[in-house]
Amino acid sequence: MKQLLDFLPLVIFFAVYKFYDIYAATGVLIAATAIQLVITYLIYKHIEKMHLATFAMVTVFGSLTLFFHDDAFIKWKVSIVYALFAIGLIASQIMGKSALKSMLGKEMKVDDRIWAQVTWYWVGFFVLCSFANIYIAFNLPLETWVNFKVFGLTALTLINTVITVVYLYKNMQDDNSQPTDNQ
(Lines of atoms letter the chains of each structure in order from A and count residues from 1; the text may use other names and numbers.)
(Lines give C-alpha, C1' and ligand atoms only; values in the text may rest on other atoms or scores of the structure.)
Protein backbone atom coordinates (compact mmCIF):
# COMPACT_ATOMS: atom_id res chain seq x y z
CA MET A 1 0.00 0.00 0.00
CA LYS A 2 2.79 2.41 0.96
CA GLN A 3 4.72 1.78 -2.28
CA LEU A 4 1.55 2.32 -4.32
CA LEU A 5 1.00 5.60 -2.51
CA ASP A 6 4.60 6.59 -3.31
CA PHE A 7 4.05 6.11 -7.05
CA LEU A 8 0.64 7.76 -7.22
CA PRO A 9 1.88 11.35 -7.86
CA LEU A 10 4.14 10.07 -10.64
CA VAL A 11 1.29 8.16 -12.31
CA ILE A 12 -0.98 11.21 -12.07
CA PHE A 13 1.81 13.43 -13.46
CA PHE A 14 2.17 11.12 -16.46
CA ALA A 15 -1.57 10.90 -17.13
CA VAL A 16 -2.07 14.66 -16.97
CA TYR A 17 0.98 15.23 -19.19
CA LYS A 18 -0.43 12.85 -21.83
CA PHE A 19 -3.82 14.60 -21.88
CA TYR A 20 -2.68 18.20 -21.38
CA ASP A 21 0.90 19.47 -21.12
CA ILE A 22 3.94 19.66 -18.87
CA TYR A 23 2.62 22.70 -17.00
CA ALA A 24 -0.71 21.14 -16.08
CA ALA A 25 1.15 17.96 -15.13
CA THR A 26 3.55 19.93 -12.95
CA GLY A 27 0.72 21.71 -11.13
CA VAL A 28 -1.05 18.41 -10.53
CA LEU A 29 2.23 16.84 -9.38
CA ILE A 30 2.57 19.49 -6.67
CA ALA A 31 -1.02 18.94 -5.52
CA ALA A 32 -0.78 15.13 -5.70
CA THR A 33 2.44 15.13 -3.68
CA ALA A 34 0.80 17.29 -1.00
CA ILE A 35 -2.21 14.97 -0.91
CA GLN A 36 0.15 11.99 -0.71
CA LEU A 37 1.73 13.48 2.43
CA VAL A 38 -1.66 14.03 4.05
CA ILE A 39 -2.85 10.50 3.25
CA THR A 40 0.44 9.02 4.43
CA TYR A 41 0.13 10.87 7.72
CA LEU A 42 -3.50 9.86 8.20
CA ILE A 43 -2.72 6.18 7.57
CA TYR A 44 0.71 5.82 9.22
CA LYS A 45 0.76 8.78 11.67
CA HIS A 46 4.27 9.52 10.44
CA ILE A 47 5.90 11.14 7.41
CA GLU A 48 9.42 10.11 6.46
CA LYS A 49 12.06 12.80 5.94
CA MET A 50 12.57 11.61 2.38
CA HIS A 51 8.90 12.31 1.59
CA LEU A 52 9.14 15.79 3.08
CA ALA A 53 12.31 16.52 1.11
CA THR A 54 10.70 15.25 -2.08
CA PHE A 55 7.63 17.39 -1.45
CA ALA A 56 9.82 20.44 -0.86
CA MET A 57 11.74 19.83 -4.09
CA VAL A 58 8.57 19.20 -6.11
CA THR A 59 6.99 22.35 -4.69
CA VAL A 60 10.02 24.60 -5.26
CA PHE A 61 10.97 23.37 -8.72
CA GLY A 62 7.37 22.86 -9.79
CA SER A 63 6.46 26.39 -8.71
CA LEU A 64 9.46 27.80 -10.60
CA THR A 65 8.37 25.82 -13.67
CA LEU A 66 4.88 27.27 -13.47
CA PHE A 67 5.92 30.83 -12.56
CA PHE A 68 8.50 31.16 -15.35
CA HIS A 69 6.60 28.85 -17.71
CA ASP A 70 9.89 26.99 -18.26
CA ASP A 71 10.05 23.20 -18.01
CA ALA A 72 13.81 23.27 -17.34
CA PHE A 73 13.14 23.65 -13.61
CA ILE A 74 11.09 20.46 -13.27
CA LYS A 75 13.68 18.65 -15.39
CA TRP A 76 16.49 19.79 -13.09
CA LYS A 77 14.54 18.67 -10.02
CA VAL A 78 15.01 15.02 -10.92
CA SER A 79 18.80 15.31 -11.20
CA ILE A 80 19.08 17.40 -8.06
CA VAL A 81 17.02 14.89 -6.04
CA TYR A 82 19.21 12.01 -7.23
CA ALA A 83 22.36 14.02 -6.48
CA LEU A 84 21.07 14.80 -2.97
CA PHE A 85 20.32 11.09 -2.39
CA ALA A 86 23.91 10.29 -3.41
CA ILE A 87 25.31 13.02 -1.16
CA GLY A 88 23.17 11.82 1.74
CA LEU A 89 24.44 8.26 1.34
CA ILE A 90 28.05 9.46 1.10
CA ALA A 91 27.65 11.62 4.21
CA SER A 92 26.09 8.79 6.21
CA GLN A 93 28.87 6.44 5.12
CA ILE A 94 31.60 8.94 6.05
CA MET A 95 29.98 9.41 9.47
CA GLY A 96 30.09 5.65 9.97
CA LYS A 97 26.31 5.17 9.92
CA SER A 98 24.97 3.49 6.82
CA ALA A 99 21.62 5.03 5.90
CA LEU A 100 20.68 1.82 4.12
CA LYS A 101 21.54 -0.23 7.19
CA SER A 102 19.38 2.09 9.28
CA MET A 103 16.45 1.45 6.94
CA LEU A 104 16.91 -2.27 6.34
CA GLY A 105 19.26 -3.52 9.05
CA LYS A 106 16.55 -4.95 11.29
CA GLU A 107 15.24 -7.16 8.50
CA MET A 108 18.56 -8.05 6.90
CA LYS A 109 21.51 -8.88 9.12
CA VAL A 110 24.66 -8.51 7.05
CA ASP A 111 28.22 -7.48 7.74
CA ASP A 112 29.05 -3.76 7.76
CA ARG A 113 31.40 -4.33 4.80
CA ILE A 114 28.40 -5.48 2.75
CA TRP A 115 26.35 -2.45 3.82
CA ALA A 116 29.23 -0.23 2.67
CA GLN A 117 29.36 -1.99 -0.72
CA VAL A 118 25.61 -1.62 -1.18
CA THR A 119 25.79 2.04 -0.16
CA TRP A 120 28.49 2.82 -2.73
CA TYR A 121 26.55 0.85 -5.35
CA TRP A 122 23.53 3.09 -4.74
CA VAL A 123 25.70 6.23 -4.76
CA GLY A 124 26.91 5.22 -8.21
CA PHE A 125 23.37 4.46 -9.33
CA PHE A 126 22.06 7.84 -8.17
CA VAL A 127 24.95 9.71 -9.80
CA LEU A 128 24.43 7.86 -13.10
CA CYS A 129 20.68 8.53 -13.00
CA SER A 130 21.33 12.19 -12.27
CA PHE A 131 23.61 12.58 -15.30
CA ALA A 132 21.37 10.44 -17.53
CA ASN A 133 18.44 12.67 -16.61
CA ILE A 134 20.40 15.81 -17.50
CA TYR A 135 21.40 14.37 -20.85
CA ILE A 136 17.91 13.15 -21.76
CA ALA A 137 16.12 16.23 -20.40
CA PHE A 138 18.17 18.71 -22.36
CA ASN A 139 19.07 16.79 -25.52
CA LEU A 140 15.94 14.81 -26.38
CA PRO A 141 12.28 15.76 -26.88
CA LEU A 142 10.13 16.52 -23.82
CA GLU A 143 8.01 13.41 -24.36
CA THR A 144 11.13 11.23 -24.29
CA TRP A 145 12.18 12.83 -21.01
CA VAL A 146 8.73 12.32 -19.45
CA ASN A 147 8.76 8.65 -20.48
CA PHE A 148 12.30 8.25 -19.13
CA LYS A 149 11.37 9.95 -15.85
CA VAL A 150 8.20 7.92 -15.33
CA PHE A 151 9.11 4.52 -16.78
CA GLY A 152 12.89 4.43 -17.22
CA LEU A 153 13.94 5.70 -13.82
CA THR A 154 11.18 3.74 -12.07
CA ALA A 155 12.20 0.51 -13.82
CA LEU A 156 15.89 1.11 -13.14
CA THR A 157 15.16 1.77 -9.47
CA LEU A 158 13.08 -1.40 -9.16
CA ILE A 159 15.75 -3.47 -10.91
CA ASN A 160 18.45 -2.06 -8.64
CA THR A 161 16.30 -2.70 -5.59
CA VAL A 162 15.91 -6.36 -6.60
CA ILE A 163 19.66 -6.65 -7.25
CA THR A 164 20.35 -5.13 -3.83
CA VAL A 165 17.91 -7.40 -1.99
CA VAL A 166 19.31 -10.50 -3.73
CA TYR A 167 22.87 -9.43 -2.87
CA LEU A 168 21.94 -8.69 0.75
CA TYR A 169 20.02 -11.97 1.04
CA LYS A 170 23.00 -13.86 -0.38
CA ASN A 171 25.23 -12.27 2.27
CA MET A 172 22.86 -12.51 5.24
CA GLN A 173 24.25 -13.84 8.48
CA ASP A 174 22.46 -16.58 10.29
CA ASP A 175 21.15 -15.81 13.78
CA ASN A 176 24.06 -17.65 15.43
CA SER A 177 26.79 -15.50 13.87
CA GLN A 178 28.66 -12.71 15.59
CA PRO A 179 27.14 -9.21 15.44
CA THR A 180 28.77 -6.64 13.17
CA ASP A 181 30.51 -3.48 14.40
CA ASN A 182 27.47 -1.18 14.52
CA GLN A 183 24.80 -3.56 15.83
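Keep in mind that glycine also has a Cβ here, set from the backbone N, Cα and C atoms.
Here is what Swiss-Prot says about this protein:
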TRANSMEM  22-42  transmembrane segment
TRANSMEM  50-70  transmembrane segment
TRANSMEM  72-92  transmembrane segment
TRANSMEM  118-138  transmembrane segment
TRANSMEM  148-168  transmembrane segment
Top partner of the transmembrane segment (118-138) among 50-70, 72-92, 148-168 - counted as Cβ pairs under 8 Å: 72-92
Same-chain residue ranges lying at least 6 outside the transmembrane segment (72-92) that approach it to Cβ under 8 Å: 22, 26, 29, 53-54, 57-58, 60-62, 64-65, 98-100, 102, 119, 122-123, 126-127, 129-131, 133-134, 137-138, 145, 149, 153
